[in-house]
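Undergrad: Quick one: this structure, given as structure tokens, is what I'll be asking you about.
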């Protein structure tokens, strides 16, 4: 009997020791990726909640404010407004440039391709936000669907194409100032190949490398620096070359404005130079050089505001400066407006003068053609009458 009580006592002591050990040293199950580490503990009350939070695992910086998400919500709202404004203005500019035949030239064709690249960039941003951030609490860094990866490939292609067409705009303007005669149409085909073909090659190489060597999540995080340079390298190269072209164009403008043929005092020369420089900045994308060569983890919040917030309005500024405020475009719109007003006036006037013709189903254009033909016949008959017989 004493031995049985002793065994029961030892068993209960053993159970208490096991429970105490489980509480002090819980079993941990971890999910480890290159993005971070998510863990769950097995306790006497069951599995604990995953920790750290997926936001921390995705390497987000939330800050110390009482509302940490409001900063990113504000940035998202800012660039959504910016890209929406750019999308509407660029679409309107494309319609104007496509509508009027007199505006069809190599310079405007390059502008139109640049507008298309801005439009695609805005659309890709909206699609990416819709897929990755459809739900505020979605664990987007663990999404690895084919749809999500296809969206990221399309997004990088649109961004890269936009940078390359900015580079082509700078290259074309620099060539116009440097060379007196050059075949624009032959160069235009090369511009098409560079603007749309080079991003296709770069994005294809990047997608193949991600699939074989860094196939993690939705491909929206770029922790593998070697693979990310396939996209980042061409972007930095286009920004750097555009900056050099920008400096070269400013030097050429200074020389041209200071020539005696231009005339004007010193203040007007500098005013025209400043105006030309401000017009060239959005076309060349020079503002991207502010954070272009700094590490991505440095001034991350400022970079988001500058590149996403302010950069989203770049398409709107380009459309306003190079379409809506373009003198050639404005004169063509005024000419079409005057032509439409005159035709409408004559149509209304003829309808009042000849109600029988208007009621017979003959439109204003037909009436104008009939009147012009009859007047020309009268004029020819009068000329024949005045001409002496030989």
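Placed from the backbone N, Cα and C atoms, the Cβ positions cover glycine too.
Not measured: the values here are computed from a predicted model.
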Undergrad: Looking at 143-162, 163-182, 343-362, which one is transmembrane segment according to TrEMBL?
TA: 163-182
Undergrad: Between the transmembrane segment (273-293) and the stretches 109-127, 189-209, 229-253, work out which stretch tops the count of Cβ pairs under 8 Å.
TA: 229-253
Undergrad: Note the mean pLDDT of the domain 'G-protein coupled receptors family 2 profile 2' (75-326), expressed as a whole number.
TA: 84
Undergrad: State the non-local partners of the transmembrane segment (229-253) in its own chain: residues 6+ outside its ends, Cβ under 8 Å from one of its Cβ atoms.
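TA: Sequence-remote neighbours of the transmembrane segment (229-253) are 156, 159-160, 163-164, 166-167, 170-171, 173-174, 177-178, 198-199, 202-203, 205-206, 209, 222, 273, 276-277, 280-281, 284-286, 288-289, 292-293.
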